[in-house]
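A.B. asks: One structure is given below, represented as structure tokens, and several questions about it will come after.
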Amino acid sequence: MSSDEEKYSLPVVQNDSSRGSSVSSNLQEEYEELLHYAIVTPNIEPCASQSSHPKGELVPDVRISTIHDILHSQGNNSEVRETAIEVGKGCDFHISSHSKTDESSPVLSPRKPSHPVMDFFSSHLLADSSSPATNSSHTDAHEILVSDFLVSDENLQKMENVLDLWSSGLKTNIISELSKWRLNFIDWHRMEMRKEKEKHAAHLKQLCNQINELKELQKTFEISIGRKDEVISSLSHAIGKQKEKIELMRTFFHWRIGHVRARQDVYEGKLADQYYQRTLLKKVWKVWRSVVQKQWKDVVERACQARAEEVCIQISNDYEAKVAMLSGALENAKAEIQRMQHEKEHFEDSMKKAFMRGVCALNLEAMTIFQNRNDAGIDSTNNKKEEYGPGVQGKEHSAHLDPSAPPMPLPVTSPLLPSPPAAVGGASATAVPSAASMTSTRAASASSVHVPVSALGAGSAATAASEEMYVPRVVTSAQQKAGRTITARITGRCDFASKNRISSSLAIMGVSPPMSSVVVEKHHPVTVQTIPQATAAKYPRTIHPESSTSASRSLGTRSAHTQSLTSVHSIKVVD
């Protein structure tokens, strides 16, 4: 490009960021400037001009005056001259401004293509550069203006110059734009090549890594295959050796079996010979033994028979002595058992007598207690004491005089009152005082009297053995609400003394006092009408006594016997 062309070239406003740096954007800007100068400059009222003249006549006058003013005022400004000449060229620019604006509207909102090279071949540039409809419209408008208005040669020359400058500026702009596109395309191509090279290098590096990994894997596989080959070779060698061993063992065992069979045949022959020799020896030995047995059998039988007879005689003598001794012991035992049975019967009779005497005395004492408590029956009680008193005392005297009889329990006159001592059997016998306790309850059912009695019989060389037995029997009456019950519990403890006698070796045994419970139910006070009922106390009803006898014999001394008898009697006085 020359400097003159650059000097007179039209100014280009480049908006690379918004317009995309295209030729169509520059042309659009130039058209906008021309329209600006063509529309804003006139000073004519639009209403008057529209009413008096038609639209086709008014526009050229205004535009011609505007062009002359611009040319005289701004002759040095190329842009203004260009605009004035362009406007003075005819009214087709103004008329077709709307069509130009409509045609260039796609340029105002261009689509940025994906590639700068494609921008050069876009439809906008081709539409702006070569459009036959537009050229024809321009020529038609120019002919109309020329035919309508007379233009001077000077103005035509100026317009020609302006068009030349414009075409040169357009050429330079197009060339510069193409050079920019070329440079941009070269830069883009370089960037794409760089990216492709980087991708190619990365892919190549990846392939190299894969190749290295495959090489390492190949090495490991080769090593494993070599090891497997070694194992296979070693196993094949071992199998060959094992086959050789098996063949050797097979031949050895075949030889050994043959050898063992040969030895077995030899051994069997030897055994047959030995068996034959032994059978002959056995036959000879049996014959010799039979002869010897016949000779010695009689001698041995005689000796054994004599020895057996001696042993049998000795055993029979021993057993006869033992039988005689045991028969004597049996006779002694039978005599002792018979004697003990007689003693037992005598003891039972004495116990029954003593028990009856004690029960009678206790019943009389109980009746005296009832008579003392009731004021209405004092006379009948005194008469009964006078009637039965001497008999009781006579029984007591007879009991004291009889040495074999057991001691009688003393009557209880008042609670917690000791009884006087009594001599039993001889001077060495002493009586232990007895205590009686009586508890009376008036609330519901009964009152009870507990009388423990202990008697002691002693000898010069006797040891004491004590035993306490409690056998209570309580009989109450629930039929009469006003009745009272007195329960007397008697507990006796006796000490037996045994004395050895030289002549008869019999032991003197003490008699234990009876243990009994007497229950007397009284429903009404004792009066003259109840005396026949009180006489029943003399003959009480007897419950079957339970007696237990135990006898023991000591090993070193004669036998000592211990007997205990327990009896329970109850007397009921009922209306």
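Even glycines carry a Cβ here, placed using N, Cα and C.
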A.B. asks: Swiss-Prot annotation N6-acetyllysine: which of K282, K352, K538 has it?
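C.D. replies: Per Swiss-Prot, N6-acetyllysine applies to K538.
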A.B. asks: Need the matching range: Swiss-Prot marks coiled coil on one of 191-222, 223-254, 479-510, and I'd like to know which.
C.D. replies: 191-222
A.B. asks: From the set S109, S131, which residue is assigned the annotation phosphoserine by Swiss-Prot?
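C.D. replies: The phosphoserine feature in Swiss-Prot corresponds to S109.
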A.B. asks: With Swiss-Prot as the source, identify the stretch among 36-75, 316-355 annotated coiled coil.
C.D. replies: 316-355
A.B. asks: If we skip the immediate neighbours and take only residues 6+ beyond the ends of the repeat 'Centrin-binding (CBR) 3' (263-295), which ones have a Cβ under 8 Å from one of its Cβ atoms?
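C.D. replies: Sequence-distant neighbours of the repeat 'Centrin-binding (CBR) 3' (263-295): none found.
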A.B. asks: Across the repeat 'Centrin-binding (CBR) 2' (231-262), what does the pLDDT come to on average, as a whole number?
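C.D. replies: Taking every residue in the repeat 'Centrin-binding (CBR) 2' (231-262) and averaging pLDDT yields 94.
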A.B. asks: In the repeat 'Centrin-binding (CBR) 2' (231-262), how many residues does DSSP put in helix, strand and coil?
C.D. replies: 32 helix, 0 strand, 0 coil
